[in-house]
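Feature annotations, courtesy of TrEMBL:
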- Tyr124, Gln186, Asn209: NAD(+) binding site (BINDING)
- Ser233, Gln255, His258, His323, Asp356, Glu410, His415: substrate binding site (BINDING)
- Gln255, His258, Asp356, His415: Zn(2+) binding site (BINDING)
- Glu322: active site, proton acceptor (ACT_SITE)
- His323: active site, proton acceptor (ACT_SITE)
Amino acid sequence: MKTIINPPYTDWAEYCERPSFPAEDLEEKVAAVLEEVRLEGDKALKKLTLAFDKVEVENIKVSAMEIEKAGSEVSDDLKEAIAVAAGNIRIFHSAQQVKEPSVETMTGIKCWRKSVAIEKVGLYIPGGSAPLFSTVLMLGIPAMIAGCGKIVLCTPPDKNGNINPAVLYTASFLGINEIYKVGGAQAVAALAFGTKTVPKVDKIFGPGNQYVTKAKELVQKNGIAIDLPAGPSEVLVIADSTADADFVASDLLSQAEHGPDSQVVLVSDSVELVEKVKIALNEQLSVLPRASVAEKALENSFSVVLNSITECIDFSNLYAPEHLILAIEKAEEFADQIQNAGSVFLGNYSCESAGDYASGTNHTLPTNGYARNYSGVSLDSFVKKITFQNISKSGLQKIGRSIEVMAEAEQLLAHKNAVSIRLKKIQDEK
Ligand SMILES: NC(=O)c1ccc[n+]([C@@H]2O[C@H](COP(=O)([O-])OP(=O)(O)OC[C@H]3O[C@@H](n4cnc5c(N)ncnc54)[C@H](O)[C@@H]3O)[C@@H](O)[C@H]2O)c1
Ligand SMILES: N[C@H](CO)Cc1c[nH]c[nH+]1
Ligand SMILES: [Zn+2]
């Protein structure tokens, strides 16, 4: 991991560019997958699963028996941990159910807003390099709280054509039993267009690799909503000289082990701390099973030394990380200065993996700088907000003239007339 000492401000933006290793002709390849699934449905899903996941899948839909069997394959210890995590995620996301205010903008003009669940949602659970059953919790729980009518889940099969038992167990623990063995761009296509087996949904959720992310981007053009661009995991740690170098290294590695395309960044006002973290990284890497993946990610990662913690925060706001850790003294006092980040972890004991699994916040977060303009998944992601208004006769008498004048100025006389005929009727009734 290279260290950059005091780069001039004019160079900062360059460091904030994420490394990208797009597959050759990514967009064309993904567009071709989408088209094949749109035209050939299940036949294409089976063909593409054989091509990309190297396995022949006879039944795309997971059977009730497979789900039941998975329950017996998950240890009690893991079941208990999943229940603890689910409890916290449920508490945090339930608290997002806010009572919408109803206001009278003028006497006789009542306006209000209501959250209504998106009817059919498709959850994508990554499974290429690791089956992320924790993502089932992160997407399934808010979908259930929101009251989505149909919740279906897609995830790639393993080399034997099975779905990881923890993924199946977690889904069924939440009451989600419609699960399909399909991953990558083909899963997104199936959810977007529908096939004989996989239903078409209104909105597609979930993180994934470049094929999944590109497919989500492309199906948006066909009127399918998506949650957010959630690509390769990343973390930026701001650490001062009081930080524990071992803790900082452990947090950097926790995101580096996601994939070779992940990026981790250390920003500090202390050269000594950066040097200590580098030593700790090497020590911890040597015992990591996924060391080779993490090492690749570290090659595309860096540390920056700046003059002050305020400058470090300015850098982070420009970088807009998916996860931001403030391993600094009095971290809470700096929280209000954070403008761009997916999720923030304050203090030495708020490790990022707590948010990945169990503290309650959602781990489906914007990457690649999208934290500048996107939020992570929340309860809001699963609802749309419908506005209502109820205008009385006296209310229309108050606001009517303003509407007529504005409509006339836009030369939309039918708009004006919709008010005028009502005002006339009110007048005639007197
Ligand atoms: N931002 C977030 O919120 C968040 C959360 C969790 C995970 N992630 C990220 O999600 C990603 C998960 O990626 P993954 O690969 O492990 O799983 P994945 O499920 O996203 O992708 C696996 C699928 O990709 C398809 N695929 C693989 N190679 C292909 C090829 N050459 N051509 C066409 N399709 C191909 C296959 O169909 C396979 O099933 C990681 O980058 C991880 O960092 C992000
Ligand atoms: N860090 C990932 C989000 O970027 C989420 C995750 C799932 N499992 C472990 N981590
Ligand atoms: Zn993680």
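Note: Cβ is positioned from N, Cα and C throughout, glycine not excepted.
Annotated features taken from TrEMBL, shown on the structure.
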| residue | record | Cβ within 10 Å |
| --- | --- | --- |
| Tyr124 | NAD(+) binding site | 29 |
| Gln186 | NAD(+) binding site | 30 |
| Asn209 | NAD(+) binding site | 18 |
| Gln255 | substrate binding site | 27 |
| His258 | substrate binding site | 23 |
| Glu322 | active site, proton acceptor | 29 |
| His323 | substrate binding site | 27 |
| Asp356 | substrate binding site | 22 |
| Glu410 | substrate binding site | 9 |
| His415 | substrate binding site | 15 |
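The recorded positions recorded for this entry are Ser233, Gln255, Glu322, His323, His415, and the Cα of Ser233 lies nearest to that of Tyr124 (NAD(+) binding site).
Under the DSSP three-state reduction, Gln255 (substrate binding site) is assigned to helix. Nearest neighbour of Gln255 (substrate binding site) by Cα distance, taken over the recorded positions Gln186, Asn209, Glu322: Glu322. Of Gln186, Asp356, Glu410, all annotated as binding-site residues, the residue with the shortest Cα distance to Glu322 (active site, proton acceptor) is Asp356. Among the recorded positions Gln186, Asn209, Glu322, Asp356, the residues whose Cβ lies under 6 Å from any atom of ligand 3 are, in sequence order, Asp356. Our reading of the substrate binding annotation (Ser233, Gln255, His258, His323, Asp356, Glu410, His415) yields a largest Cα to Cα distance of 56 angstrom. DSSP gives His323 (substrate binding site) a strand state. Checking the binding-site residues Ser233, Gln255, His323 for a CB within less than 6 Å of any atom of ligand 1 leaves Ser233, listed in sequence order. What surrounds the NAD(+) site, by Cβ distance within 8 Å of the Cβ centroid and not counting Tyr124, Gln186, Asn209, is the set Pro126, Cys154, Pro156, Gly183, Gly184, Ala185, Ala187, Val188, Gly208, Tyr211, Val212, Ala215 from the same chain. Among the binding-site residues listed (Tyr124, Gln186, Ser233, Asp356, Glu410), Ser233, Asp356 have a CB atom closer than 6 Å to some atom of ligand 2, in sequence order. Spacing of Asp356 (substrate binding site) relative to Gln186 (NAD(+) binding site) is 26 Å (Cα to Cα, whole number). Taking all protein chains in view, 24 other C-beta atoms sit within 10 angstroms of the C-beta of Ser233 (substrate binding site). The two recorded residues, His323 (substrate binding site) and Asn209 (NAD(+) binding site), have Cα atoms 18 Å apart.
Tyr124 (NAD(+) binding site) falls within a strand when secondary structure is assigned with DSSP. With respect to their backbone Cα atoms, His258 (substrate binding site) and Gln186 (NAD(+) binding site) stand 22 Å from each other.
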